[in-house]
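These come from Swiss-Prot:
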- 1-26: signal peptide (SIGNAL)
- 61-73: compositional bias 'Polar residues' (COMPBIAS)
- 61-86: region 'Disordered' (REGION)
- Asp103, Asp122, Thr123: Ca(2+) binding site (BINDING)
- Arg117: active site (ACT_SITE)
- Glu125: active site (ACT_SITE)
- Arg169: active site (ACT_SITE)
- 203-219: compositional bias 'Basic and acidic residues' (COMPBIAS)
- 203-231: region 'Disordered' (REGION)
Amino acid sequence: MLVMTEYLLSAGICMAIVSILLIGMAISNVSKGQYAKRFFFFATSCLVLTLVVVSSLSSSANASQTDNGVNRSGSEDPTVYSATSTKKLHKEPATLIKAIDGDTVKLMYKGQPMTFRLLLVDTPETKHPKKGVEKYGPEASAFTKKMVENAKKIEVEFDKGQRTDKYGRGLAYIYADGKMVNEALVRQGLAKVAYVYKPNNTHEQHLRKSEAQAKKEKLNIWSEDNADSGQ
């Protein structure tokens, strides 16, 4: 439809040029009599009609160019189209200072030492003042320590909500050479999915799938003789 409109527009412009030439001829011959005057009137009428058609086609072409809220250059018409953007998570580099326990590590982040609490997971305690050392706590601590100490690259990934807890610890997903430590702990049955608070739950479903698999395989905290403590 747009191509046809442009074609007709070009034809209209050509007609206008021809009409102008005819008017010029009529003016040069207007002194030759009544016939010349009629010819002049005819040429003028053709020009006016052509200009009306060209104007109409031009408006139609402009309307076609902005159809669906996007003009032909690809820019959006804000009065017609509005897109809702979703904040994406991104990983940031950090370096290891030390692993504290199964779900807590201390990293150098943006030039400052910072303690991080792994999001959405909870491992058995090893240093709790009241609970003491819980079953599978040492195993979880050793697992996390091995992952982060052997990694050549450590990254942190904050979620969409609150970045720190009431103790000032960073709340994040921790990656060791591209592997999420949070998920690895859950998959090995060394952590449960816990402390889920929106909107800091982007990876919740992924973690729950890993937890379900660990339960199915009765790994560590989900083993038969320890299943109740993990519920």
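Cβ coordinates are placed from backbone N, Cα and C, and glycine is handled just like the others.
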Packing count at Arg169 (active site) (other Cβ atoms within 10 Å of its Cβ): 18
Within-chain partners of the compositional bias 'Basic and acidic residues' (203-219) [C-beta distance under 8 Å, separation at least 6 from its ends]: 119-121, 159, 173, 180, 182-183, 186-190, 192-193, 196, 227
Arg117 (active site): nearby recorded positions from Asp103, Thr123, Glu125, Arg169, Cα cut-off 10 Å: Asp103, Arg169
Listed in sequence order, residues not in Asp103, Asp122, Thr123 with Cβ within 8 Å of the centre of the Ca(2+) site Cβ atoms: Asp101, Gly102, Thr104, Leu118, Val121, Pro124, Ala140, Leu185, Ala191, Lys192, Ala194
Close in space, distant in sequence - Asp122 (Ca(2+) binding site), Cβ under 8 Å, 6 or more apart: Asp103, Ala191, Lys192, Ala194, Tyr195
Fewest-neighbour residue among recorded positions, criterion Cβ within 10 Å, set Asp103, Glu125: Glu125
Local backbone state of Asp122 (Ca(2+) binding site), from DSSP in three classes: strand
Three-state secondary structure, Asp103 (Ca(2+) binding site) (per DSSP): coil
Pairwise Cα distance for Arg169 (active site)/Thr123 (Ca(2+) binding site) [Å, integer]: 16
